[in-house]
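Record features, source TrEMBL:
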- 20-25, D44, 52-55, K68, 113-118: ATP binding site (BINDING)
- C154, C157, C428, C431: Zn(2+) binding site (BINDING)
- 9-419: domain 'THIF-type NAD/FAD binding fold' (DOMAIN)
- 290-365: domain 'Ubiquitin-activating enzyme SCCH' (DOMAIN)
- 438-530: domain 'Ubiquitin/SUMO-activating enzyme ubiquitin-like' (DOMAIN)
Amino acid sequence: MAGATSSEEAVKAAKVLMVGAGGIGCELLKTLALSGFSDIHIIDLDTIEVSNLNRQFLFRQSHVGQSKAKVARDAVLKFRPNINITPYHANVKDSHFNVDFFKQFNVVLNGLDNLDARRHVNRLCLAAEVPLVESGTTGFLGQVTVHVKGKTECYECQPKPVPKSYPVCTITSTPSKFVHCIVWAKDLLFAKLFGDKNQDNDLNVHSKDDTSSKTDVFERNVDEDLEQYAQRIYDHVFGYNIEVALDNKETWKNQRKPDPIYIRDALPEGAVQQNGRSQDHMNDEQDPSAMVSLGFRNSQEIWSLADNSRVFLEALKLFFEKREKEIGSLIFDKDDQLAVEFVTAAANIRASSFGIPLHSLFEAKGVAGNIVHAVATTNAIIAGLIVIEAIKVLKGDYQGYRMTYCLEHPARKMLLMPVEPFEPSKSCYVCSETPLVLEVNSKTTKLREVIEKVIKSKLGMNLPLIMVGATLVFEDGEDLEEDEIANYALNLEKVLAELPAPVLNGTTLTVEDLHQELKCSINIKHRDEFDEEKEPDGMVLAGWSGPVDKQITSNGENRPVPSSSNTEDVDGTAEDISAKPGMKRKLNEILEAKENFDAHENPSDVGSSSAQVVEDDDDDELVVFDEDPRQSKKKRLQ
């Protein structure tokens with residue numbers, strides 16, 4: 001009873017910060033309120049979308065477009081009117097959410113939707129010395145981890161998984177999986193037809209018609225009607241471009257040759273003329289939809305080649321008829337029905353050409369939007385585990401901290417797998433202040449490049465301050481004088497060796513973010529040349545491991561893939577994550593650790609688990625990756 005009383009007292013006296021009010025956040029706020037917490041603050045930048053309503057149970061249709069944090073507060077106060085809930089409809093990276101703001105809380109509970117914000121909160125919690133409880137779910141999988149400065153590893157002690165990238169040659173020439181066709185349809189064809197015309201694109205734009213004066217076959221002729229234009233694009237990308245690819249005999253020696261598909265092959269001439277325009281299914285007040293126009297109602301049905309061809313032609317025409325003003329600035333969005341219809345049809349036609357099984361619109365949307373569908377029950381389980389760990393933190397029960405993994409299938413009759421936390425990594429530049437090493441050509445590389453490619457992109461600093469010895473060479477912030485801004489702007493364009501305090505081989509940079517109260521050292525190692533393919537940044541940072549943007553790699557050049565609009569709601573990784581290399585859960589070391597812990601056998605010798613579970617994008621998803629347990633042994637907390 002004494003333990004229960006101390007728990008109640010700790011809960012009643014606690015001031016808690018929740019970051020994120022989405023899938024996990026709704027369950028968490030409810031559980032906190034019902035567990036006796038009476039002073040809860042919530043930060044969330046997002047507004048409620050229709051797609052949230054199937055699991056974020058505090059929201060209703062009438063709330064669409066409103067602040068998640070504010071609506072969640074109002075919903076909970078209806079059944080717990082006597083507690084204090086303070087919502088902030090804002091970005092946790094805003095300057096007023098600084099270290100002093102974080103210091104007022106006894107514990108921070110994360111349910112964020114991107115790694116950058118997670119790193120930011122991790123650093124603020126370290127600086128404020130406030131415990132952080134992290135979490136993530138995707139489908140039936142979930143995790144909860146505890147991070148306490150000096151006692152457990154921080155969120156950034158472990159490397160994060162690298163999102164999947166695909167070589168452009170595979171995407172454009174030799175696709176072997178449906179996801180390759182989706183990437184082609186979404187990031188190349190859709191972008192070429194409806195996106196920024198000035199953006200690099202690897203699609204062949206040259207027609208077989210040598211008499212044409214056009215340099216880009218995707219440009220529409222002035223006197224060309226939409227029907228002709230749509231069919232010409234169809235024949236070019238699915239017919240002529242495949243014929244061009246077949247000319248390279250060497251490519252097809254050991255793999256199946258694709259079949260060129262022309263509109264005359266997929267649809268009889270009469271069917272082409274009758275395509276769409278079924279007024280019974282058209283509603284000008286609704287958002288344009290090729291499925292509605294054609295009378296297709298089942299999104300889980302796999303369309304035939306002919307039906308995919310009809311949807312492709314109809315969707316393309318609807319974009320030009322109904323959304324012409326948007327053409328040139330469109331980016332694929334998983335919540336844009338017409339865009340999903342176009343990409344599904346295009347991917348299926350290409351898949352048919354390469355002998356790849358076709359997919360339904362429902363399945364294609366999941367792949368295109370990186371969707372792993374959320375399970376509300378998993379969110380509820382994880383929210384409960386977060387509160388359990390938060391109570392341990394508030395009681396100061398360091399020995400009781402657990403990282404808990406929620407499994408899809410029972411392992412030795414267990415669905416919840418608790419593991420002791422690891423000690424802080426001595427090589428972590430965030431919590432252990434271990435110096436980093438930057439290999440760079442100090443005679444040709446500008447300070448601006450180092451700031452953009454390393455300090456902001458890789459290290460995640462928002463307002464960096466850079467010193468060389470006692471000399472301040474750059475500072476970013478709102479309170480700078482005009483002459484300071486001008487002076488730092490000049491330094492940005494100078495190469496490292498020509499700065500007021502020259503940066504040469506052996507120089508140490510001190511880099512600090514005053515907002516995050518994070519400081520680290522970077523030792524400079526001069527290097528004359530870099531491999532353009534393997535080291536496209538022209539510099540290499542050692543001692544750092546972090547998230548990498550999803551990319552298409554083309555001839556050694558890494559270019560960001562246009563992303564869908566924040567694919568962070570019901571979304572996880574594309575395709576079946578259990579089938580991806582490096583994504584399968586290996587539980588043997590976790591199970592062994594559990595057995596050893598239960599038997600109280602020398603906990604310092606227990607090997608770390610091989611499965612690291614890292615939430616990548618959303619409050620409803622995580623990514624799992626493996627590492628060699630022999631190389632990642634850590635001491636357990638004593």
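A Cβ is built for glycine as well, from the same backbone N, Cα and C atoms used for every other residue.
What TrEMBL annotates, mapped onto the structure for a quick look.
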residue: D44; record: ATP binding site; contacts (Cβ under 8 Å, 6+ apart): V19, G20, A21, G22, G25, S67, K68, A69, A72, P87, Y88, H89
residue: C154; record: Zn(2+) binding site; contacts (Cβ under 8 Å, 6+ apart): N122, L126, H147, P424, C428, V430, C431
residue: C157; record: Zn(2+) binding site; contacts (Cβ under 8 Å, 6+ apart): F422, P424, S425, C428, V430, C431
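What surrounds the Zn(2+) site, by Cβ distance within 8 Å of the Cβ centroid and not counting C154, C157, C428, C431, is the set L126, E153, Y155, E156, P424, S425, V430, S432 from the same chain. Most Cβ neighbours within 10 Å, among the binding-site residues C428, C431: C431 holds that distinction in the structure as shown. Here the Cβ of D116 (ATP binding site) has 13 other Cβ atoms within 10 Å, regardless of which shown protein chain they belong to. The average pLDDT computed for the domain 'THIF-type NAD/FAD binding fold' (9-419) is 88. Here the domain 'Ubiquitin/SUMO-activating enzyme ubiquitin-like' (438-530) has, by DSSP, the following mix of helix, strand and coil residues: 24 helix, 30 strand, 39 coil. Across the domain 'Ubiquitin-activating enzyme SCCH' (290-365), DSSP assigns 48 helix, 0 strand, 28 coil. G20 (ATP binding site) has a Cβ environment of 29 other Cβ atoms inside 10 Å. All protein chains considered, the CB of G23 (ATP binding site) has 30 other CB atoms within 10 Å.
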